[in-house]
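Student: Pasting a structure below so you can have a look.
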Amino acid sequence: MAWTKYQLFLAGLMLTTGSINTLSAKWADMFSAKGCKDSPEHAFAHPFVQAVGMFLGELSCLAVFHMLLCHDRRRPEPKMNTGQSFNPLLFLFPALCDMTATSIMYVALNMTSASSFQMLRGAVVIFTGLLSVAFLGRRLVASQWTGILITILGLIVVGLADFMSGHKDDSHKLSEVITGDLLIIMAQVIAAVQMVLEEKFVYKHDVHPLRAVGTEGFFGFFILSLLLVPFFYIPVGSFSNNPRHVLEDALDAFCQISHNPMIILALLGNTVSIAFFNFAGISVTKEISATTRMVLDSLRTVVIWVVSLALGWEQFHGLQVLGFIVLLVGAALYNGLHRPLLARILCCASVEEEEVNPVERTRLLDEGRVQEEG
């Protein structure tokens with residue numbers, strides 16, 4: 001069945017905004033500017049400020065939800081399913097997981113390439129599968145266990161590619177690249193906990209997806225914004241790249257933005273793209289299928305990788321291609337993408353068998369290639 005223009009638009013929107021989200025975050029990391037009190041020019045390394053911007057984008061989904069709700073209520077026959085009433089605090093713990101995982105990933109993005117960042121996020125398949133068995137009582141089929149094992153292999157290949165390219169990368173030390181990769185994988189453990197919590201406590205309440213994303217964004221935005229105050233005073237030594245070597249120096253971030261307005265363009269790209277990406281992802285699942293959403297998310301990795309190469313942000317490494325293919329196969333097996341393909345192949349084979357004409361069948365029987373039953 002051919003896609004409608006609206007479905008093509010949604011798929012293109014998800015692919016584009018998802019790619020812009022990671023690329024704009026990496027772009028922001030590549031800027032340098034003077035800080036407060038005319039401090040020397042230094043790199044824009046403010047992962048927690050970037051995470052606040054991302055949650056602001058998620059929070060905007062809540063505004064979109066209420067706008068759509070108001071528009072729907074003006075119709076003679078409202079059609080929008082708002083879901084049942086729920087306690088917003090149900091989203092608090094998933095939001096805390098999202099906040100922690102996102103912040104860790106933005107720290108890691110400062111240390112590694114955008115393509116490796118996106119590829120290693122595929123590790124969430126492993127931890128989601130294991131936690132769903134442990135806490136949701138789910139039984140994984142053989143193809144899902146195979147997908148998990150293949151994903152682990154893919155992560156090893158990508159990690160090996162980063163290890164080998166780290167010796168040739170002038171922008172990142174090898175130790176930084178390895179630390180960044182490990183932080184990304186650690187963040188996927190927390191992201192998997194978030195998914196399990198959402199499935200166990202949230203999805204049973206039939207909450208509208210935009211409302212769910214917006215509510216998590218609300219908690220994440222305000223909690224992380226408040227945490228920027230104590231982060232301003234927590235020394236972390238060389239782990240931080242800001243002049244005061246504290247966990248996060250939000251004032252330095254704003255001073256750098258004032259000295260180089262292009263930074264705000266990158267941050268706005270991250271904030272706006274995450275809002276449209278969440279909307280498009282939810283709509284693709286609803287209008288097309290969850291499998292299509294997974295395929296588009298995988299294609300997003302290709303776009304990020306190609307753009308990074310074209311802009312000279314990273315160097316080509318053949319092992320990354322192999323690692324991506326292995327990760328793609330693992331994710332496809334875990335999400336059951338092979339089932340419709342096998343069903344279609346078997347269906348086509350049965351149709352071809354039925355369409356063999358009587359003359360051809362007689363010829364095959366005479367040659368002994370087809371045996372009639374009974």
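Just so you know, glycine gets a Cβ as well, placed from its N, Cα and C.
Found this in TrEMBL, in case it helps:
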- 48-69: transmembrane segment (TRANSMEM)
- 89-109: transmembrane segment (TRANSMEM)
- 115-136: transmembrane segment (TRANSMEM)
- 148-165: transmembrane segment (TRANSMEM)
- 177-197: transmembrane segment (TRANSMEM)
- 218-236: transmembrane segment (TRANSMEM)
- 262-282: transmembrane segment (TRANSMEM)
- 294-313: transmembrane segment (TRANSMEM)
- 319-337: transmembrane segment (TRANSMEM)
Student: To the transmembrane segment (115-136), which of 48-69, 177-197, 319-337 is linked by the most Cβ pairs under 8 Å?
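Tutor: The listed stretch sharing the most Cβ pairs with the transmembrane segment (115-136) is 177-197.
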Student: Which of 89-109, 148-165, 177-197 shares the most C-beta pairs under 8 angstroms with the transmembrane segment (218-236)?
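Tutor: By Cβ pairs under 8 Å, 89-109 leads among 89-109, 148-165, 177-197.
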Student: Residues of the same chain, at least six outside the transmembrane segment (148-165), with any C-beta under 8 angstroms of its C-beta?
Tutor: 112-113, 116, 119-120, 122-123, 125-126, 129-130, 140, 174, 177-178, 181, 185, 314-315, 317, 319-320, 322-331, 333-334
Student: Report yes or no: does the transmembrane segment (262-282) come within contact of the transmembrane segment (48-69), defined as 3 or more CB pairs under 8 Å with a sequence separation of 6 or more?
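Tutor: Counting Cβ pairs under 8 Å (6 or more apart in sequence), the transmembrane segment (262-282) reaches the transmembrane segment (48-69), since there are 3 or more.
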